[in-house]
Amino acid sequence: MEELNLNEITELVADKKYEEAKERLACIANNDENNLDALKLLGLCNINLENYKDAQSNYETIVKYFPEDATSWFYLGCCYDYREDYIHATAAYEEVIKLREDYTEAYKCLCVIYVKLHNEDRAIELGKRILEKVKDDYTLFYIVGTAYMSTKRFEESVYYLEKALELKPDHAQLYNNLGTSYITIGNLDKAIENFHKATELDPDNAITYFNIGSILQMKNEHEKACEYFEKAYGLEANDSFLTALALSEVKLERWNDAIKHYKILITHHPEKQTYQYNLACCFEQKEEYNYAIGILARLVALNPKSASMSKKLANLFLKINRPAQAKEIYERIIVQGSVSFETYYEFANICMLTDDTDKAEKILKKVIELNPEFAPAHKDLGVIYLTRRLFDYAKDEFEKALEYAPDNAEILYEYANYLHATTDFKKADEYYQKALEILPDNGDILAFSALNKMHTGDLEKALEQINAAIAKSVQSGFLLFIAGKIRFLMKNYDDAKTFLIKSFELERNPEVKNLLGLTYFELGEYSQAKNIFQNILKDKPLNPYIMINIAKCDVKLGDNDAALEILEKVTENFPDNEEAHEMIRDLS
């Protein structure tokens, strides 16, 4: 057998000719304890050739017979480390630093493993120990700073990472880690500064652009955030980047872009329902409700116990004026049990929209049973009783609502409506004004307050409020009717006619029609007034009030005979109508 020339083999290893060196060492068994120097060289060859299992066997033999060899323990630790046998690697590295307290590389490897094993405190302890002796190795500061990051002690991590950068100012990943630490301690400006430095050193690192975008997103600078997320995604098609981009697009109300990106994410991850839900929300914002409903209906079918998804679907049905479908969904939610009083309250409101006041009453009582001090439920129950003219019950509920929420504008408003309905106009005015102090621009409160002020005689203020209500609300026949009626009472008949005609065009209400007839009468347009009253009489035959108004028009038109004829019909059907008898006496 050829005699080994270890000097020649050592030169081959130094020249990185590991295969050739290994061939020369082939005569040595992996565990040959008789030639430990040759075995060390063989171990080095195996490590550099990434034959870690063989190298491990080499060094296990060496340390068995030469346990004081710190270098061999170190290489053995490396073999375990590469093979992800961290427990044995830790033991090997610990042996190294027992034998040689200044073995820097062993400290580095040991600290990294302790971080991997989530024993960061030991990593920090060892890192600080070696830093007392070695103060010019940026890697040690880097490792300790990273260990502090892992334990969320970011103030300390900043200190060590900055020290590392003093020694290695061209290390891009150090800037990235430092930026991350600054984010967590709330110094976003410093974080973004470090991330920008990282991009200068490594312009192709996608995660750095993502980090910058994330900070801008936190600062609500979504326009700029999108630019950085797009850069990140252009460098690396990572779905996390696309998710962040879609979120900022939603914040910017770029619905089409967000929809496009959520569709991509859904194709990549059809199992992730969050993307589908977000897509539905984008369609909702674009008022493309049918698309949103289609997506959510599938999600609800997959998650029948998800109350939040079911409620979202119900809300979409309400937006397309399909309350019956919303009601069905809430009924299914209720059947599942464990329902909060808030959900019951939402269900009660939907029942009101479907005119199912009996069920709404029952559900509101359930809400009050679950939360006796929930003022809106008392208020809504009071409204139901008021519409049924159960004034005592309504009063009790409104007073309870006011007890629990005395400064709630809606409750003050509905209580004022109750007082108006019971003809307590002065007190009603007091509560309308309280409601308006809280919601001065609310069109409904302004309108009903104006209506009430007609009864208190404050017509100027009524006119001011109805004008404000019309200016702040979508035009409705009801508001225009009140505006016309106030002007009629103020004897401003020309303007009254204008508003009443507009009101009638929007809503063909008989009360509006009647007041319009009276307005024409006051303007001296008797033929037009008579035509209106005759038209009303077709729908309400033998209405004495309308018949008398027709007679008054006939008198003004000089047709007393026609007036007497219709007045006689009034007295025949309503013999106690004194106004008709008096007119007959005046005309006879």
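Yeah, the Cβs are placed from backbone N, Cα and C, and that goes for glycine too.
Among the features that TrEMBL reports, repeat 'TPR' is placed at 70-103, 138-171, 172-205, 206-239, 341-374, 375-408, 409-442, 510-543.
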Query = the repeat 'TPR' (341-374): which same-chain residues, six or more beyond its ends, come within Cβ distance under 8 Å?
reply = 307, 311, 314, 318, 323-324, 326-327, 330-331, 333-334, 380-381, 384, 387-388, 404
Remark   = Beyond a gap of at least 6 residues from its ends, the CB atoms lying under 8 Å from the repeat 'TPR' (409-442) belong to 375-376, 379, 382-383, 386, 391, 394-395, 398-399, 401-402, 448-449, 451-453, 455-456, 458, 468, 472
Key: Close approaches to the repeat 'TPR' (138-171) from elsewhere in its chain (Cβ under 8 angstroms; 6 or more beyond its ends)   = 104, 107-108, 111-112, 114-115, 118, 120-121, 123-124, 127-128, 130-131, 177-178, 180-182, 184-185, 201
Ask   = Against which stretches of its own chain does the repeat 'TPR' (375-408) lie, if we need a Cβ under 8 Å and a gap of at least six residues from its ends?
value = 341, 345, 348-349, 352, 357, 360-361, 364-365, 367-368, 414-415, 417-418, 421-422, 438
Query = Which value does the mean pLDDT take for the repeat 'TPR' (510-543) in this predicted structure?
reply = 94
Request  = Sort the residues of the repeat 'TPR' (375-408) into helix, strand and coil with DSSP and give the three counts.
outcome  = 27 helix, 0 strand, 7 coil
Inquiry  = Can you break down the repeat 'TPR' (70-103) into helix, strand and coil residue counts using DSSP?
reply    = 27 helix, 0 strand, 7 coil
